[in-house]
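Colleague: My structure is below; once you've seen it, I'll send some questions.
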Amino acid sequence: EGAALRWCISVALCAAFLGLGMSIAVLGPTFPNLAANVHKNVSDIYYIFVGRSLGYLGGSVLGGVLFDCMNAHLLLALSMFGTTVGLYGIPWCKKSLLLTVLMSVIGASMGILDTGGNVLALNTWGAEAGPHMQALHFSFAVGAFVAPILAKMALGGSESKDLSVTEKTNQSIPRSMPTVSAASAVSALKHHLGADFLWSYVVIGTYLLFVSFFFFILYSKGSSARDKSKASLQKCTFARYHYALIALLFVFFFCYVGAEVTYGSYIFTYAEVFAEMKENEAAALNSVFWGAFAACRGVAIFCAACLYPGTMILLSIVGSAVSSSCLAFFARHPASLWAGTTVYGASMATIFPSGISWIEQYTVVQGKSASLFVIGAALGEMCIPALVGYLQGRFHHVPVVMYTALVTSAMTVILFPLMYKLANCPGESDLKEMSESEDRKALLSNSGLNEDEEDEEDAGEWNEADFEVIEMNDTLRNSVIETSRKIPGDSPAKVSLQPHLDDVLCDSPVAAAGSPGRKNVNVDREKND
């Protein structure tokens, strides 16, 4: 029953992350329609990205705090319900300020889901969380891949239908009013097209609503009490340099996610400007990067079952370092560009889930720690692409994108061995156990030596006693023999001396132990008798 429950939690988390990927990726293809819906130009509503990013950061911080003090399933259910409300409100939003507020709400809800989902997967599976973490982030990649297709399907159906309606309308309008008919037809087309296109938000919101119901059911079962107790039992396993590890992993994810988003965002422009590719070739190159990224995350689900997270991170950073070096110095050659892009996309796929699984082996990952990881990733996603865009505008003839990939790969190559060294330092509890074990060994060795010395001293004392008793017995024996020779027959002296001799021999400790002196005296007595 416990195993079935854990698998149900994993399936629900994968479904939630599928919706998370769709919610994030649907904004790109629908951005022009959002601008038309609020009667603004595309360049005038750029701040909705800022609002969503700030909401995502705030939600990550809030989720890290709330996850440590309330039920995990209830928190995730409420976050997905908040995302659903925001997605439902977007198609009817006619004001840019209200649109920014809704985007901030959606970003905050997604930040809570991202933070809480990673921690819940770790608490549910513990040391076996590797494949499930890879499946979680593979579901996110699939959602990001499905959302543009969903939006394009809505756009394609509405385009064909509205174009036929427009042609019939233009044919029925008299030739005396060509300008008015064209304007009305185009406005009607844009209005209907935008409305159909924005219905993709409703579809994604409905999907997340169903997933949130499943988490409400898990909350009603009260199944996360076991996970909470398990997490409380693990609180004694903090690493010696816990906070240093968290800070270094924050920087590690900052570099990694920033490089990933930067390359995926600018490779199309780089291929057209620097590699002089055609538009369809540049689009294919961009698709190769994200396709290799998603495919490698799917393969990593099975690789994580037989490889340690540290091994997967090592393979990934080595692959990213080699491919980014190839891209930085040989990217003008088409073969190097295609091969380097494929390897770079595959190498970047498993670092984030493997990093979370790796750090959980050495220290406790609570809600606040996971929120720092998500915040680092979100800051890298915001800052590094903006910096690259600014530098590329200043230095037109320098491939800033490729050099950024090389620098961030070098940073990850430096940071991971440092984190590994800190993670393997023995903690305070380990040091105490080592010192206690050494003290026990020293005490045991000393007690063993003392016992040996005492045994040797006792043996020496008993040997001295033996010699003294033997000498005394020999003296008595000689005196008895001489007396018996002087007194002929069975004299009273012999009889009176015999009990005295027996008493002396019986009272001696060595005689009681069966010493050789006792045996010799008895033999002589028999001879004399």
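The count begins at 1 with the first shown residue.
Backbone N, Cα and C define each Cβ position, glycine as well.
TrEMBL labels come from automatic prediction, so no person has curated them.
Checked TrEMBL, it gives:
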TRANSMEM  7-25  transmembrane segment
TRANSMEM  45-67  transmembrane segment
TRANSMEM  74-91  transmembrane segment
TRANSMEM  97-123  transmembrane segment
TRANSMEM  135-155  transmembrane segment
TRANSMEM  198-220  transmembrane segment
TRANSMEM  241-268  transmembrane segment
TRANSMEM  313-331  transmembrane segment
TRANSMEM  337-358  transmembrane segment
TRANSMEM  370-388  transmembrane segment
TRANSMEM  400-420  transmembrane segment
REGION    430-464  region 'Disordered'
COMPBIAS  430-442  compositional bias 'Basic and acidic residues'
COMPBIAS  450-464  compositional bias 'Acidic residues'
REGION    507-529  region 'Disordered'
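I'm curious about the neighbourhood of these features; can you describe it?
Modeller: For the transmembrane segment (97-123), the residues of the chain that approach it from at least six positions outside its boundaries are 9-10, 13, 16-17, 20, 23-24, 34, 37-38, 45, 47-49, 51-64, 66-67, 72-73, 75-76, 79-80, 82-83, 85-87, 89-90, 129, 132-133, 136, 224, 227-228, 230-231, 356-357, 360, 365-367, 370-371, 373-374, 378, judged by C-beta separation under 8 angstroms.
Residues of the same chain lying 6 or more positions beyond the ends of the transmembrane segment (198-220) and with a Cβ under 8 Å from any Cβ of it are 8-9, 12, 15-16, 19, 22-23, 26, 30, 33-34, 37, 71, 73-74, 76-78, 80-81, 83-88, 90-91, 147, 150-151, 154.
Only residues 6 or more beyond the boundaries of the transmembrane segment (241-268), in the same chain, are considered here, and those with a CB under 8 A from a CB of the stretch are 282-283, 285-286, 289-290, 293, 320, 341, 344, 348, 351-352, 355, 359, 362-364, 369, 372-373, 375-381, 383-385, 388-389, 392, 401, 404-405, 408-409, 411-412, 415-416, 418-419, 422-423, 425.
Sequence-remote contacts of a segment are chain residues at least 6 beyond its ends whose Cβ falls under 8 Å from one of its Cβ atoms, and for the transmembrane segment (337-358) they are 118, 122, 129-130, 133-134, 136-137, 141, 249, 252-253, 256-257, 259-260, 263, 267, 271, 275, 285, 288-297, 300, 303-304, 308-310, 312-313, 315-320, 322-324, 326-327, 330-331, 365, 370, 373, 377, 405, 412.
Non-local neighbours of the transmembrane segment (370-388) in the same chain are 53, 56-57, 60-61, 63-65, 67, 111, 114-116, 118-119, 246, 249-259, 261-262, 265-266, 352, 355-356, 400-401, 404, 408; each lies 6+ residues outside the stretch with a CB under 8 Å from one of its CB atoms.
Within the same chain, residues 245, 248-249, 251-252, 255-256, 258-259, 262-263, 266-267, 270, 310, 313-314, 317-318, 320-321, 324-325, 327-328, 331, 344, 351, 384, 388, 391-392 sit at least 6 positions outside the transmembrane segment (400-420) and bring their C-beta atoms closer than 8 Å to a C-beta of that stretch.
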Colleague: Which sequence-distant residues neighbour the transmembrane segment (7-25)? Criterion: at least 6 residues beyond either end, Cβ under 8 Å.
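Modeller: Beyond its ends, the transmembrane segment (7-25) has Cβ neighbours at 76, 80, 83, 87, 106, 110, 113-114, 117, 120-121, 124-125, 132, 135-137, 139-148, 150, 204, 207-208, 211, 214-215, 218, 223.
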Colleague: Where else in the chain does the transmembrane segment (135-155) make close Cβ contacts, counting only residues six or more beyond its ends and a cut-off under 8 Å?
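Modeller: Counting only partners 6 or more residues beyond its ends, the transmembrane segment (135-155) has Cβ contacts under 8 Å with 10, 13-15, 17-26, 28-30, 117-118, 121, 193, 196-197, 199-200, 203-204, 290, 293-294, 297-298, 300-301, 349, 352-353.
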